[in-house]
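Chemist: For reference, TrEMBL lists these features for the protein:
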BINDING   139, 225, 380  substrate binding site
BINDING   252, 254, 341  divalent metal cation binding site
COMPBIAS  1-13  compositional bias 'Basic and acidic residues'
DOMAIN    72-185  domain 'Histone deacetylase'
DOMAIN    221-394  domain 'Histone deacetylase'
REGION    1-25  region 'Disordered'
């Protein structure tokens with residue numbers, strides 16, 4: 001079925017392919033230890049209508065740069081090495097990422113923040129008096145070369161998004177992306193604040209500009225939770241050049257607060273986050289009652305989860321929410337953050353998931369056959385993170401992976417840095433880390449069993465069934481019903497004839513009429 005959408009005076013034709021149904025349990029293959037590892041019939045792609053191979057964002061220089069992040073040293077190399085050991089990279093289209101320019105990063109972050117980050121990155125000054133105002137310190141230290149790292153990750157996610165825009169693929173992967181906590185408290189860059197936006201009214205922008213000039217720490221940018229740049233937001237903004245409605249799904253252990261904040265005022269980007277919500281747990285946001293603001297009210301969906309959840313219940317929650325979201329919002333593209341800190345054995349010691357459960361959620365989204373940008377995120381047990389993302393890469397390709405991990409080691413190419421990349425001392429700092437020797441073998445990290453599977457622990461599940469059902473009922477009946485009604489109203493006025501800011505304002509006006517009678 002062909003649908004025509006007119007945006008900003010031009011038309012685009014997009015083919016909406018029929019969705020695929022999930023396989024029934026009878027077609028699953030059971031492997032060792034009596035638990036389900038294979039989710040579909042052998043060699044059948046997760047999206048059998050997908051004719052183009054996925055794009056895999058990779059270069060030795062990019063991996064080496066991502067290895068320098070102190071919180072996850074050498075994780076990027078470990079993930080790529082395991083993907084390479086299973087020869088999955090040969091079945092994908094490898095695209096070398098570009099480094100984000102200052103202008104590209106400024107589509108979300110303020111010029112002042114970027115200039116400060118660049119300055120402290122060059123000097124390695126972790127004691128600059130303004131750094132605290134920008135959240136630099138503690139979990140986001142202003143180390144030498146950190147600006148180059150941020151630009152590399154941001155550029156990689158933008159590159160992946162551009163591949164989707166150009167029609168090179170239906171799925172683009174950047175496992176080193178997904179850093180979702182960095183914020184711009186206005187939701188706009190400094191250059192956009194004074195000019196107004198289709199996301200925010202001009203009156204709000206004028207007030208925000210005045211406040212931002214007075215106190216950038218309160219209304220400007222903030223690094224947070226190991227995130228210096230919100231590459232997920234940059235990817236969404238790039239995708240918005242083509243796709244009218246974008247769904248952001250965050251399956252990290254932590255609430256995707258930075259992405260939600262960025263789009264809290266718009267109905268063009270819906271954010272869905274499944275995360276741990278508990279007193280004192282970072283970032284402390286993401287209760288089910290957090291629904292967005294202004295024109296974006298009810299376009300933020302938060303699913304708070306307690307400790308100990310396992311695959312079956314997690315997938316039930318995810319599938320139940322996404323089914324309703326898909327019907328209500330009708331997205332045209334998806335950005336999916338797949339942080340691996342939910343996996344059993346992670347130092348966060350919270351959820352009790354395995355890659356199988358996350359893989360089922362991934363496969364459910366892939367059946368929509370929409371342009372899908374896949375990002376990494378958290379994951380602090382490096383071996384389990386590599387296991388998880390390698391398994392998920394296999395899910396995308398529809399491949400059955402051997403339970404036994406192939407012997408492999410870090411290749412010399414991963415240690416090389418292109419001459420155009422800065423932060424030369426970062427390499428020395430990286431190689432001085434005891435876990436980051438260039439001749440270290442990753443294979444030994446998967447001992448003592450050397451298998452791809454991850455077994456859940458015996459920790460109790462704190463998610464009571466009746467509470468889970470209450471949350472699901474609230475999301476469906478109280479929140480998504482409003483979004484669904486708004487989309488219906490858009491159809492009644494002739495969505496094809498609305499373009500640009502007129503389209504946004506008229507659409508949001510109709511949404512406000514529908515929402516006026518809703519009490520949360």
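Heads up, the Cβ atoms here are built off N, Cα and C, so glycines get one too.
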Chemist: Is any of the binding-site residues 252, 254, 341 within 10 Å of residue 380 (substrate binding site) (Cα-Cα), and if so, which, in sequence order?
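Modeler: Neighbours among binding-site residues, in sequence order: 341.
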Chemist: Where does the mean pLDDT land for the domain 'Histone deacetylase' (72-185)?
Modeler: 88
Chemist: Count the Cβ atoms, other than its own, that fall within 10 Å of the Cβ of residue 252 (divalent metal cation binding site), considering every protein chain shown.
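Modeler: There are 26 such Cβ atoms around residue 252 (divalent metal cation binding site).
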Chemist: Helix, strand, coil residue numbers for the domain 'Histone deacetylase' (72-185) per DSSP?
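Modeler: Going through the domain 'Histone deacetylase' (72-185) residue by residue, I get 55 helix, 11 strand, 48 coil.
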Chemist: For the divalent metal cation site given as 252, 254, 341, which other residues of the same chain have their Cβ within 8 Å of the site's Cβ centre?
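Modeler: Those within range, site residues removed, are 253, 275, 276, 339, 342, 348, 377, 378, 379.
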Chemist: Helix, strand or coil for residue 341 (divalent metal cation binding site)? Use DSSP.
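Modeler: DSSP assigns residue 341 (divalent metal cation binding site) to coil.
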Chemist: 10 Å Cβ neighbour count around residue 254 (divalent metal cation binding site)?
Modeler: 26
Chemist: Which number gives the other C-beta atoms within 10 angstroms of the C-beta of residue 341 (divalent metal cation binding site), all protein chains shown included?
Modeler: 23
